[in-house]
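Copied over from TrEMBL:
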DOMAIN    28-92  domain 'G-protein coupled receptors family 2 profile 1'
DOMAIN    100-351  domain 'G-protein coupled receptors family 2 profile 2'
TRANSMEM  102-125  transmembrane segment
TRANSMEM  137-155  transmembrane segment
TRANSMEM  186-206  transmembrane segment
TRANSMEM  213-232  transmembrane segment
TRANSMEM  252-278  transmembrane segment
TRANSMEM  299-316  transmembrane segment
TRANSMEM  328-350  transmembrane segment
């Protein structure tokens, strides 16, 4: 056998591969094997190409495909037309990335559990009903959907080598859905920053009207961004291979720029919020400067994960051979998937209003149980609502009095 090296034309696009009808008689035809496009090759020869640009692939090495003497491509024992990518795989790198993906899945799963519990708490207690909590609910919902998408993506696409190569429609749809919920998550973080800024700086704001705008920004604006980005990838760049894993053209800027703008605005809001805390609040304190500084530092630490400002620490990904690459990877594993857990802890589990709501609910249940078994009244009573079968001293039915509680709503501090 002798080698046939493919150079020159870009055969990475499956839409053009295999459309060449001018195959020389007796040669192996042009074919796309879900990774590379192999040109028509004379019988009894071995074609080779540079390895495709996949994660954990060594692109400087070569992939091979054998054309048999009868003019057909080599078929393995499983009766599948086979290409040899064994020299392409960097097994050490593959093991590392599988471990990192596992850490991401664990992080997203832990955050998902905490977020579901937090969302249930916010929705269950009627006293936790204000604009701030409603925005928290939408943010936590976006976190939940985003985490579900990422867990599914890592399990069903990234961990399955064959799935990106087949590029099924459900995989492409999953990428678009993942992208939408990711952008929505950023937009709701921006809404959190904007709402707090308005509450502290503008003060007099019609919250019902602003909530409608928040819904539009949080759920509507991401739809427009992702729709435009998807249409550009499909019809202009024609970049829809490999479950949309790798974007080879400028289309990614349609996602990156809006996210970068919202993070920059959130940073401006945070700086202004800290300015308000330092210069306006607590003027009557006997030692106002240290008190204000402590509160400002505390506010910055708490609001950073809520506004998503920790992502400013990882704006640019270093090259794989850069000395800081592994630092970047492990930092991202901590910052990205555990953000939902951090927000759930700070704004639900450690929230004083949530503690008070749970405490009041627990006390009401204790009172209700105590009343159910101790407050019996003998004699006729028009106020009785629930009747317990039994007899008093005069043989009368014993009514169990119900306690009527007026519905109240407690204001939640902004």
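From the backbone N, Cα and C atoms, a Cβ is placed for every residue, glycine too.
Note on the domain 'G-protein coupled receptors family 2 profile 1' (28-92): DSSP counts are 5 helix, 24 strand, 36 coil.
Only pairs six or more apart in sequence are counted, and the transmembrane segment (102-125) with the transmembrane segment (213-232) gives fewer than three Cβ pairs under 8 Å, not enough to call it a contact. With a cut-off of 8 Å between Cβ atoms, the residues of this chain six or more beyond the transmembrane segment (328-350) that come close are 100, 103-104, 106-108, 110-112, 114-115, 117-118, 121-122, 136, 139-140, 143-144, 147, 150, 302, 305-306, 308, 310-311, 313-314, 317-318.
Counting only same-chain residues 6+ beyond the ends of the transmembrane segment (213-232), those with a CB under 8 A from a CB of the stretch are 135, 138, 142, 176, 179-181, 183-184, 186-188, 190-191, 194-195, 251-252, 254-255, 258. Within its own chain, the transmembrane segment (137-155) has Cβ neighbours under 8 Å at 101, 104-105, 108-109, 111-112, 115-116, 118-119, 122-123, 174-175, 177-178, 181-182, 184-185, 187-189, 191-192, 214-215, 218-219, 306, 337, 339-340, 343-344, 348, counting only residues six or more beyond its boundaries. The average pLDDT the prediction assigns to the domain 'G-protein coupled receptors family 2 profile 1' (28-92) is 85.
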